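One structure is given below, encoded as structure tokens.
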Amino acid sequence: MPSVPETIHLIQIGEQAGAGSTCSAALDDNPWLHDADHSYGPGASIDDPLPSDAPRQGVLPAEYRQASREELDLRIRAAKAALGERLVILGHFYQRDEVVKYADFVGDSFQLAQATKKTPNAEAIVFCGVHFMAETADMLSGPNQAVILPNLAAGCSMADMADLDAVEDCWEELTALFASDPGTPHLDSGDVGSQKLQPVIPVTYMNSSAALKAFCGRHGGVVCTSSNARSVLEWAFARGQRVLFFPDQHLGRNTAKAMGISLDQMPLWKPEVDLGGNTEQALRDSKVILWHGFCSVHKRFSVEQIAMARQRHPGVRVIVHPECTLEVVEASDENGSTDYIRKAIEAAPAGSIFAIGTEINLVQRLANDHPDKTIFCLDSIVCPCSTMYRIHPSYLAWVLEAFERGEVLNRITVDEATTSDARIALERMLALAPGKPVSAA
Ligand code: SF4
């Protein structure tokens, strides 16, 4: 099966069997055309506004834009060979195959965070993922290691839906509200481990800025991933009366619902309105306050797509990512992180049929890796994570050859104070083993 970029190209020139379609006509093989855009570029998140302070990629030199695929391949391999152990390349599961094939480690954000800590001798960690992942790698790596993001425009629309100012405003409102509750300890009372519970524990999804991870470290909170969200919420409820969960409302809702928390105990916090658009009583009665954020890619999956898959493929096993909506998770057979999905497919007998609700690059790779099984994406429209898609072999060749010359391009650094606070929340996360899948059924 062709890779996702090859599939998109075939669709665009009208040679894709079955005449598939993409979610944007601008999903082409020239991502540099969109580096200065004010949105995230073509794809599901093109309509999400890019924050004004988001990093922008400068002009990629013409020699890399114009190089053929074969030339880029030779140059990347030569640079890798010359750099040897001075270099490690990390590739996220959602990355395009044309880049993932050069990665020394491939995994989800949790596994790549762990991989960062296992490569203390590499001088350069080239992160083929998105901005928040590179920030995490910088915070977990040594002081003499440079973390490089090949294209600075590879951000994450979900991560940008919660910024530090908005979360601090929310925290102030919650502090004021719960401080006036008789018998409720004040926020930041520092009583973790004592008999008293904090009124609110902040929990940030890995898909968030370093500043928000640091916020959680400062306020007795923790980072979670889709692999360990349930374990993290159990950890938080041992320390607090309720959780403020950001930025992904869906992961928070799906996880909490699977733990038996009712939907009316999960108010949604809209950052632009007072009390997030909730009554004081709703917040007092809450168990999980959900930030109004989402993943544009996983939001595309629908109950109708699941019904269609079941009709066309009797016996199909439907597995979706917990960033999908609650309705989709409840209509699926199972849900779990990208690593959960991968392992479920590996463990299934030959002849199994899977409809998968997660990013298309991973689904297509799984289909190629398991030719004895039928594996397809729930969404028939080809719509990759448009931010991850910004990393093209041209950018990889550019940063590798520069590093070989002694030049560090696109280095992602997080200041010391932020790193120190964020590490507290990250180390708590790394200590919590992946929990049960977030089954909302
Ligand atoms: S798939 Fe969604 S959450 Fe993941 S990096 Fe892309 S936009 Fe962000």
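The backbone N, Cα and C atoms fix where each Cβ goes, and this holds for glycine too.
Just so you know, TrEMBL annotations are computer predictions that nobody has curated.
In sequence order, V106, G107, D108, S109, L112, C128, G129, V130, M133, M388 make up the list of same-chain residues 6 or more apart from H92 (iminosuccinate binding site) whose Cβ falls under 8 Å from its Cβ. Under the heading iminosuccinate binding site, TrEMBL lists H92, S109, Y205, M206, N207, S226, H321, P322, E323, T338.
Cβ environment of C156 ([4Fe-4S] cluster binding site): V130, H131, F132, N207, T387 lie under 8 Å away, each six or more residues apart in the same chain. Marked as [4Fe-4S] cluster binding site by TrEMBL: C156, C295, C385.
Residues or ranges marked as region 'Disordered' by TrEMBL: 38-57. Sequence-distant contacts of the region 'Disordered' (38-57), counting only residues of its own chain at least 6 positions beyond either end whose CB sits under 8 Å from a CB of the stretch, comprise 23-28, 31-32, 131, 151-153, 155, 157, 160-161, 163, 296-297, 299-300, 383-387, 389-390, 395, 410.
Taking the Cα atom of each, H321 (iminosuccinate binding site) and C385 ([4Fe-4S] cluster binding site) are about 14 angstrom apart. Residues of the region 'Disordered' (38-57) grouped by DSSP class, helix first, strand second and coil last, total 0 helix, 2 strand, 18 coil. Take the binding-site residues C295, C385: by the count of other Cβ atoms within 10 Å of each Cβ, the lowest one is C295. The local packing around N207 (iminosuccinate binding site), expressed as other Cβ atoms within 10 Å of its Cβ over all shown chains, amounts to 28. Only C156, C295, C385, in sequence order, out of the binding-site residues C156, Y205, C295, C385 have a CB under 6 Å from ligand 1.
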